[in-house]
Each structure stands twice: as C-alpha cells, then as structure tokens.
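Listed features, source TrEMBL:
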TRANSMEM  12-32  transmembrane segment
TRANSMEM  47-67  transmembrane segment
TRANSMEM  101-122  transmembrane segment
TRANSMEM  134-151  transmembrane segment
TRANSMEM  158-179  transmembrane segment
TRANSMEM  191-211  transmembrane segment
TRANSMEM  223-248  transmembrane segment
TRANSMEM  276-297  transmembrane segment
TRANSMEM  309-328  transmembrane segment
TRANSMEM  334-358  transmembrane segment
Amino acid sequence: MVEADGSHVLKPVLLGLTMVVTGSVNTIAAKWADSMKVDNKHFNHPFVQAICMFIGELSCLFVYFIARYIQNHRDQTSSYDDQGSGSGIPTHMAEQHSLKFNPWIFAVPAFCDVLATSIMYIGLNLTQASSFQMLRGSVIIFTGFFSVAFLKSYLQGFRWLGMGFITIGLVIVGVSDIILDENSKHDINGIITGDLLIIIAQIIVAVQMVVEQKIVSEFNAPPLLVVGLEGLFGLTILTFLLFPMYYIKVPSIFSTNPYHRLEDVFYAFREIKSNPWIGCALLLTMVSVAFFNFAGISVTKELSATTRMVLDSVRILLIWLVSIPFFGEHFIPLQLLGFALLIFGMFVYNDIFFGPYLRQKILPLIRNNKLAGCCISFWGVDLVTADCNILIEDNND
C-alpha cells in the first residue's frame, strides 16, 4: 500500500521535473550551439536548428504509434476474453473509428510552426537566451486576442488583467535588454532586431495555437499525434525550403557563412565536422524537444494545464539563472522586476492562486457592497449561476 502511494506521488514529480529540465535544455542547447565558433565565426544556422526541433517532434509520432499498438493489443486480448459474453464492438475498433480524419489538416499549423520556429532561432542568435524565453510569454497576449477574434471566445476581466501585467513585464525585459545591458556581447541593433523577431514569432505561434485548438476540439485528436504530425509536415516543408534558401543572399547580420546565404546546410555540416560539440548541442535539441513535448502532454493529462503553466514559469527562471554564468549575460535588477510581473501576469491569466483565493476568501465579504456584482463578474463568476449562489449561501451559514 505504501509502495503504491509512493509511486503515485513519484510519477507526477518525475513528469514535472522532466518537463522543466528538458524544456530548459531545449533553449540552452540552442544558445550553446549559437555561441560556438568555427574559423572565428559563430555557428549561425537557425533553419538547421529548426530541422533538429522538428525531428524531435517527429519522434513523438513514433511514440504515439507504439503506445497505440500496445493499447490495441491489450484491447484485442480483452475482447477475446469477452467474446463469449457478447460484449459488442471491441474498444480498439471504436477508437480507430474515432481517430479517422485527414492528416493534411495539420499542414497549416505545421507551416506556422516552421515560420515561427525559424524566426525564433534567428532572434535567439541576436539576443540573450533569458530574454528569448521571457519574450516568448507574449504568446498568451496574442492567443487571447485571436481566440476572441476568430474562435468567438469570451475572456473574463481577470484574464485581460493578466495580459496587462504580462505586457508590462515584457516591456521592462525589452527595455532592460536594450538600454541597461551596456556590457552585452550582442550589438544593440541586433538585440532590438532579435527581440522584435521573437515577438513577431509569437504572433505566428498564437495563430498556430488557435488553429490547433480548433482542430483538436473538432476532431478529438490525441495531442501526441498532433505534435508528431506537425513534426512530420514541418520537417518536410523546411527540407524543401532549404533548396531556395541556399540561393537567397541576406545581410551579414542574419548570416555568417562565406557567401551570406539565407541557409547553407553544407557549410553547417562542415562546421559540425570541425567542431563536434555543435553536433552534441543539436542532438541535445532533438532529444530535449521530444521529451519536453511528451512530458508536457503527460503533465497536462496527469495533473492539469495550470500545473504545466507553473512549471513553464520555473523553466524561465532556470534558463535565466543558467544563462548568466554560461553565456556571459549580466544580471540586470530591472529585468528581475520584469520577470516577476511576467510570472504574476501568467498566474492571474491562468487563474492560479490569486483568482481562487479572491473568490473563496474576499468576494463573499463584499457581497453587500455596490461594487460586488462588478467584482464577482470581473473574477469570472456569473451572478446568475448556482456557483455564485452557493458562494453567498456558504458565507451566510
């Protein structure tokens, strides 16, 4: 009995730890590859790095089919056991029927993923790893706007408040990057460009998330299958795009290869051969992406999406702490304030701690106040619903 309880507690802890560590390694490995030099030039191949990420996502497809095979085998065995009792259609047959949809529908979010990932890796090469991870938090803002505009979703007042805090936090992070980090190894113009590219990428990611939400909810697609298919389509799309990229010339700020090609995969392989540690960093990217996606989906399933957001916040902090000693980033006190506001905004938006506390402890105390209706509505409670009536009745008792 004790062993069962121990394993029950250990599983979510291991999943959470795996998500935080592999998610952090993903960004750190990418920045590590960017920081390495060959012929006195930094490794600057964002599209090659994006391909590595899609290979990691593609591995989730193999995991899905292995898990599906095991589940089908179990269901088939149980159906044989129940044949005599006339139990009807085996569960694995029903499941296969429910998963019939056109896989090409994932080409659209995959294309968004290709575009966003490539832009993000370009931005990461131009700015700090910690700022990169913090600025990625802006995806909540754009996803909120697009959900309201295209999915006709309704956002309660506290979610808009959370988005406001996130915006202020991101502005502080960006300003501290540009103005206060005078000893940065990066060029100021490069930092501004990198930060803007990361934010632009989050707009594309938000579009991707809205499309994914519609697909997953409409077709009931398993998340692991979604990640795997996007990896497959993303890898295919980007592989074909490497050919025209080889002939496109860009300014030196975006390319350090001899002929300033948008992407030179042959030169990338030459650099990897000259410095095998670059290959190790890219391999870390593949492995960490695979485990991060698997752990993230498992955390959402076993615990909650809220827990996943909390762990994501821990990941931002871990990347920031690692980046200071390993990549020569300088500690900027103002950036700490930006980080705090960013995390606070995420907690408010995702209804973690603050919202539930106010609804349980504070709102019942002001029910007779003229502003009670406004406050209760703002924090996501409808006065007409039974939940609010229960909340008021409990306080009367």
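Any Cβ shown, glycine's included, is placed from N, Cα and C.
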(request) Give the one range among 101-122, 309-328, 334-358 whose Cβ atoms make the most pairs under 8 Å with those of the transmembrane segment (223-248). (result) 101-122
(request) Could you tell me what the rest of the chain brings near the transmembrane segment (101-122), counting residues at least six beyond its ends with Cβ under 8 Å? (result) 30, 46-47, 49-50, 53-54, 132, 136, 194, 197-198, 200-202, 204-205, 207-208, 211-212, 215, 219, 221, 226, 229-234, 237-238, 241, 254
(request) Taking the transmembrane segment (134-151) as the first stretch and the transmembrane segment (334-358) as the second, find out whether 3 or more Cβ pairs fall under 8 Å, excluding pairs closer than 6 in sequence. (result) yes
(message) Cβ under 8 Å, sequence separation of at least 6 from the ends of the transmembrane segment (334-358): give me the contacting residues as numbers and ranges.
(response) 130-131, 134, 137, 140, 144, 158-159, 161-173, 175-177, 180, 305-306, 309-310, 312-313, 316-317, 320, 379-380
(message) Take the C-beta pairs under 8 A between the transmembrane segment (158-179) and each of 12-32, 47-67, 191-211, 309-328. Which stretch has the highest count?
(response) 191-211
(message) Three or more CB pairs closer than 8 Å, sequence separation of 6 or more: does that hold for the transmembrane segment (309-328) against the transmembrane segment (47-67)?
(response) no
(request) Could you tell me what the rest of the chain brings near the transmembrane segment (47-67), counting residues at least six beyond its ends with Cβ under 8 Å? (result) 26, 30, 33, 113-114, 117-118, 121, 222, 224-225, 227-232, 234-235, 238-239, 241-242, 245, 262-263, 265, 268, 282-283, 285-290, 293-294
